[in-house]
Each structure stands twice: as C-alpha cells, then as structure tokens.
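Engineer: For A:12-75, the entry in TrEMBL reads domain 'MrpA C-terminal/MbhD'. Residues annotated as domain 'MrpA C-terminal/MbhE' in TrEMBL: A:120-174. As annotated by TrEMBL, transmembrane segment applies to A:6-23, A:30-47, A:53-76, A:88-109, A:155-172.
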Amino acid sequence: MQLLLYGVLLTFVVFAALAVAFLRDILSAIIAFAGFSFGVAIVYILLRAPDVALTEAAVGAGVTTVLFLLAIVRTVRPGGDRLFERVAWGPAIIATGLVGVLLTTVRSLPTIGDPTSPVATSEITRYYLENAYPQTEVENVVTAILAAYRGFDTLGEAAVVLAAGLAVLVVLRKEVYV
Amino acid sequence: MSATDGSLSAYVESTIIMTTVRVVSPFVFTFGLFVMFHGAESAGGGFQGGAIVASSIIMLAFAFGIEPTREWLDDSVIRLLVGVGATTFVGIGIGALAFDGAFLEYAAYGISHGVKYGIELVELGIGAIVAGVIVSLFMNLAGGFNHDSGGDDA
C-alpha cells in the first residue's frame, strides 16, 4: 500500500517535472511546477519529514509560483498552437547522461527506515535525540537543532533572506542605498 | 496579447476569488501564526510560519488587487516588521554576551526555561523576517521599476 502510494507520487512528480521542461506555454509550465512542488511535499510527509514538507509546500508550491506569475505578466505568449517545445537534442542528451550518472549512486543509499543506516546509528544523531529535550526543553528536535545548537547557521540563513529583500529594493530602485 | 503596458493590467476582479479569499485568508493567517508559535512542540517554525503568513497577504493582493493592498498595508510597516525581526534575533544573540555567555547561548540569561523562551523568540524573529521579505518581494516585483528615479540605467 505504502509502496503503491510512493509509486504513484513519484511517477506524478517525474511527469510534472518533464511537463515543466517541455510545455511551450510558460503559464502551463508554472502550474506544472507548482504541481511538482506539491507532489514532492507529499513525498516528504510520507518520509516523515513534516518540517521540510511545510517549507516545500509554502515556498515551493505557493510563494515561488506567485513570484513566477508576477514575472510572466511582463512577457508575451509565444505564437503558434504547439503544446510542447521542440526537443533540443544536445542538451537533452547531456541531461539524460547526467541523470544516468546520478542514478548509479542510488544503489549506495540506505533503504527507507533502515535501523542500521549510518544516519540512524551515528553518534551525533544519538546525542541530539538524547540531549535535545533535557538541554533545551523543546520537543521538536529539528527546531532545537536549528535555533539552539546551530543558531549561528540559522542567523546566517536569516541574513540571506534579509539580503534578498534588500537586493530587490536596490535593483528595483525603490530605495537608493548606493 | 501584450501585457507589458501598465503593471496591473493582469488584475481581473472576480467575485468567486474575492469571496473565497475573504473566507480562507483569516484561517491561513492563523495557521501561519500557529506554525510559528508552535514550532517548538510540533513540525514547523519561523521559516515555514513566516511563509504561510506571507502567502495569506499575497492571497489578499491577488483577490483585491495589489494597489489597494499596498494602501492597506504600507511598505514602511513591512520594512519595520523585517527590521524588528532581525533586531530580535541579533539582539538575543548579543544580549547573551552581556550575561557572560557565548553568542546565542540562551542559558546564559539565567531565567527558568530560558533556552525554550530564547528559541521561541528567535523563531518569531525569523518568522517576521521571512514574512516581511516575501511580502515585500511580491509587492516590489509587482510594482516594477521606479521609472521616475531619473537617468538612464547603465
């Protein structure tokens, strides 16, 4: 049952990704991309990573889609009524080759939920699982690691987000800082 | 076919969208705050909560038009939100130094449950930054170039 669900979802995700690449109309491609992000978010939920799933659903499927939509308002639709883009064979061969190379590494990944996988048996994992609650009194270990153990890294991430906002203000000349 | 003239020509008033957004957006906003505040106990946190809060605002802008939303929620309010968020995060980090702790060492404050409150506050700060930046990205990209800032662009 679980396997069937994974199969359906991953097939959907792959086809959505191909649709993004090949659809000629940019609006359709953006909608396919939102569908792709949403499928990936559900895969993350099945893999028991709700924090990542929330981010993917909110940012990938929601905000990015809206920003893309804003961008294409300023473009014109290509003429003609072909549904799909012509395949450019050079890049297609390179991309397929790259995917093939990456697929060879799949065999060395641990199976899902494998208790003997390096991540599950690692000393660091054990340390966080045992000490996160006594030391921080926060029940979500992910939050404990992000905001306490790795607080400095998270500050860096916040700075990146801030820099993105400032960069847009400067580039669009809403504020003159330079 | 050309949509390049005027940045708001894409807006179409739709009763269905407006009614749906009017009903849904308060719940989305509340859910975003929940994810932000409850990130310490369940899945979520500042980044996710901030993105959800921002999307509830973007929803409003989609339904009611970008200019009315901008009039309702001024740019300076959003910038203030981002500033307060960043100041909270950095302030808590530097504040720990004053109590002989390391940067961002919440335990240094010496309050009971200090680490937990520190984490919660930092999450709220992140949420404010993320929500503010996403809304301001949306508003500014929708507004386009400020043509009257003079001079030719190099």
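Numbers run from 1 along the shown chain.
Using N, Cα and C of the backbone, Cβ positions are placed for all residues, glycine too.
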Engineer: If you run through the domain 'MrpA C-terminal/MbhD' (A:12-75) with DSSP, how many residues end up as helix, strand and coil?
Structural biologist: 55 helix, 1 strand, 8 coil
Engineer: Determine the mean pLDDT over the domain 'MrpA C-terminal/MbhE' (A:120-174), rounding to the nearest whole number.
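Structural biologist: Looking only at the domain 'MrpA C-terminal/MbhE' (A:120-174), pLDDT averages out to 86.
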Engineer: Can you break down the domain 'MrpA C-terminal/MbhE' (A:120-174) into helix, strand and coil residue counts using DSSP?
Structural biologist: 46 helix, 0 strand, 9 coil
